[in-house]
């Protein structure tokens, strides 16, 4: 910069010359505003092998017959996951006692009936809960479930209550059969019995066999809480075992969390599942499941027959032919089977076939003896039907009673032993009879018994006393409740504690959408729900016991103070609390939250013109500076730009650690940091900050313009050269003689003009450097040469005149201009070098000759030569005089010669 000023001052502004200027442009980089949140999804693997919890009893009878073949309509999966299932056994032991008056000895058949059950996680003492003996739950547990937890809180929808009712408003979900995808579907016989004749595996319904429905599944991420999908079972296939399927059928993951709650409709043989808030908390949900199933006895009625077992899971259909055998022995005068176990009260619904062979008896007394069970005479469910068609003894022990004759009122049923024994005289006054009967009765669990329970039948005839026994073993892990036990409710309220005092005030309102999970004393999940629009939740149908309730924390809320005050009904019990039910509802389990305060940070980016690192009142903000905010993990959670006043800010921040990053504008340098009070200094390009329950508007940064260097070099060189040469020559001659006149004029004009201009400019700098070098070189050379030569000759004689004129003009003009400019600094360098060199050379040469001749006599020879010479400014008088005298002598000689010729002529 200084060099340029010096050159300009020396030469000034030269007209008609190139004058250059360097203009530096200041710019500030800009960036677009980007404020957003990244959702980070973590990975969570849920793997375990678990099947549907089934607490079942299957009647087992030893049937000697062979089995038909098994045909499948679709290919079976080769590898099957099977869970170990504990068995409960029903032992049917017909005891044939030989009468005193007969020599015929009948053999005793002892078919062993075994039920297979899937234990749940809850272990109930078999002696304390007799109702556990026969139940087989249908709550399906998924195997190898995997899901990715969602890190963002999604506001849940209120769920339809299934197993447990709550006060939450029911959610009308959408059927998403097309979004739940099933594969590797299979219906397998668990255990099974191989027919020794055919080699085929058969399903023996009364001998410990069950069917297992298996499949893998995936759930689309678009599925939400409240959405539904269905399992549709075919004509010969249903969920459950000998125990009827529960109306409630839940789908669990491997950890026991409920993914979906199912409601079974026996009328349509369909289970409708409703997704819980689990699908709102996790993505990429997939897994597999096993579900205990059974032949639908009222339709699949005949032994050794293959029935097509069909199921449609979502939109995926599957079918397989299964050979069914119930073990009915048509030659046996007394045989019984557990038709089904009621899922609600666990009562045994028994069917007894009497006198299938149609024997004739004179004595026929039927006695039922219960152990662990009792009859309820008031229920009037002890029925006696007379058989009119042998085909009414269906193998499945599920006769169509509408086609039978109800003759119960014709017989006297005598109850004894505290309603644990019932006796009927089937002769009813007749002397003999071959009538056939189907007897149905219901046995209710007796909680006072410590025995696992059994039901014994005897038919005392005049020929033989026949016996048949149905026994049941307990199933460990069954969570089946006592059918006679009273049910209670548990729950209450989740509210917003606006004043943060931990107490429910009248003006404070409930919070909708909080997830609530109910667990038993062993930590097993029993149910889950979501608070309704009033913050209410409730679990119903619970027995006496200890439960735990877990509350989720909605995004933007913080749990309030726990157990404030002395009134448990209006305080907050925290995120996890324990509730005890003892012969009454417990509606005191509440949880309070207050909105988590949000904070802001930011402030100012300014131009520190005096470079002192302090914000002065005269210094202004810089617009368009990009500012990035990171959380403690280094994740970008927001970006912005300073406004026209240099201000910026980030809002809605939780207490925590953050980092603010300023992006340096182009062409500016960071000013000094931490030079004064925190709200007036510069904090640097990256600033760590911790917010603890307050805003922070002290995060500033300053910049100043980078230093620049200008170097200008001007060089002007002017060279003027003028050379003039004039030459005049006049010659007059009069003569009568011959005259020769030679005039030579030489004019040489040489003009050399050299102009050299060198301009070097070197500059190193981190700032901006402008170097202008102008060099003007003007060289003018004028060379004029004039030569005039006049020669007049009058003579009668001969005259020779020679005139030589030489004029030389040399002009040399050299102009050298060297300009060196060196500038070293931390700057950028721009160097412009202009060199102008003008060289003008004018050479004029004029030669003039004037020779007027006036002959006085004949001229023999006349030569006139003239050569223009440059005008030199001098006269050649000697040459003129010589010419004059030469002319005189020539004229005199001519006269003398002329006189002699005249004399001779005379």
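Here the Cβ of each residue, glycine as well, is placed from N, Cα and C on the backbone.
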Between the ranges 864-868, 869-873, 874-878, Swiss-Prot assigns motif 'LPXTG sorting signal' to 869-873
The correct DSSP tally for the domain 'CNA-B 1' (487-597) reads 0 helix, 52 strand, 59 coil
Outside the compositional bias 'Acidic residues' (676-686), at least 6 residues beyond either end, the same-chain residues with a Cβ under 8 Å of its Cβ set are 603, 608, 613-615, 659-662, 664, 670, 697-702
DSSP composition of the compositional bias 'Acidic residues' (676-686), residue counts helix/strand/coil, works out to 0 helix, 2 strand, 9 coil
